[in-house]
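**Student:** Per TrEMBL, the feature domain 'Phosphoribosyltransferase' maps to 14-160. Positions annotated as 5-phospho-alpha-D-ribose 1-diphosphate binding site by TrEMBL: R42, G43, D102, D103, L104, V105, D106, T107, G108, K109, T110. Summarising the annotation, TrEMBL assigns Mg(2+) binding site to D103. According to TrEMBL, the feature xanthine binding site maps to D106, I149. Annotation source TrEMBL lists guanine binding site at D106, I149. Residues or ranges marked as GMP binding site by TrEMBL: D106, T107, G108, K109, T110, W148, I149.
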Amino acid sequence: MENPAQNKAFPVSWDMFHRDSRALAWRLSSEGEWKAIVCITRGGLVPAGIVARELGIRTIETVCIASYHDYDNQGTLKVIKPIDPKVIDLEEGQGSGVLVIDDLVDTGKTLKVVREMLPKAHYATVYAKPVGVPMVDTFITEVSQDTWIYFPWDMGWQFQPPLSKDTAG
Ligand SMILES: O=P(O)(O)OC[C@H]1O[C@H](OP(=O)(O)OP(=O)(O)O)[C@H](O)[C@@H]1O
Ligand SMILES: O=c1[nH]c(=O)c2nc[nH]c2[nH]1
Ligand SMILES: [Mg+2]
């Protein structure tokens, strides 16, 4: 059965991703000062590195979440590695002073799980789909719910057949 979440394609190159992650850092720079980043693996690792470099943040923690996909549903989420209590307890605790970064928010289920661990953190993603927008504080580009975002680390070079049927040459 076709997955309606993949009706449209939004391919992202490394250049685009770098530019959009820098734009995220730029927007975040006027929204607060953070003592640490928590990145949601694995997709959050790349934007977290770029944002950390731009904002001069050197304390970087991970929360490792795996989603078990059954057929075309996201399935259940499992926290494989929780957040270091030293990071949760920064400033007034509960994630205050912490920036949580992921590559995208889709249904918002992943961010909901992390919000339960860090209710006072600031949540940022590079891309967002409408259903997930209420879960994120700052993002750069919104795409429709029926769009699949293709990240550069998942892609490879492939021959593209020309539009014309006349391929002789
Ligand atoms: O808003 P949601 O519907 O929860 O979806 C968004 C999450 O899905 C993807 O991660 P995925 O679980 O595929 O794992 P990965 O980051 O290890 O690729 C993406 O990186 C987000 O973390
Ligand atoms: O590579 C991805 N692209 C997406 O659009 C998406 N939504 C959830 N998880 C996703 N992973
Ligand atoms: Mg992810």
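Any Cβ shown, glycine's included, is placed from N, Cα and C.
Curation plays no part in TrEMBL annotations; they are all automatic predictions.
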**Student:** For the binding-site residues listed here (T107, T110), tell me which residue's CB has the most neighbouring CB atoms inside 10 Å.
**Tutor:** T110
**Student:** Under the DSSP assignment, what numbers of helix, strand and coil residues are found in the domain 'Phosphoribosyltransferase' (14-160)?
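**Tutor:** When I sort the residues of the domain 'Phosphoribosyltransferase' (14-160) into the three classes, I find 49 helix, 45 strand, 53 coil.
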**Student:** State, in Å as a whole number, the widest CA to CA span among the GMP-binding residues D106, T107, G108, K109, T110, W148, I149 given in the record.
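**Tutor:** Across D106, T107, G108, K109, T110, W148, I149, the two farthest Cα atoms sit 17 Å apart.
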**Student:** Which binding-site residues out of R42, K109, T110 lie by ligand 2, going by a Cβ under 6 Å?
**Tutor:** none
**Student:** Which one of these binding-site residues has the most other Cβ atoms within 10 Å of its own Cβ: R42, K109?
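**Tutor:** Per the Cβ count, the most surrounded site is K109.
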**Student:** Mean pLDDT across the domain 'Phosphoribosyltransferase' (14-160), rounded to an integer, is what?
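**Tutor:** Reported value for the domain 'Phosphoribosyltransferase' (14-160) is a mean pLDDT of 95.
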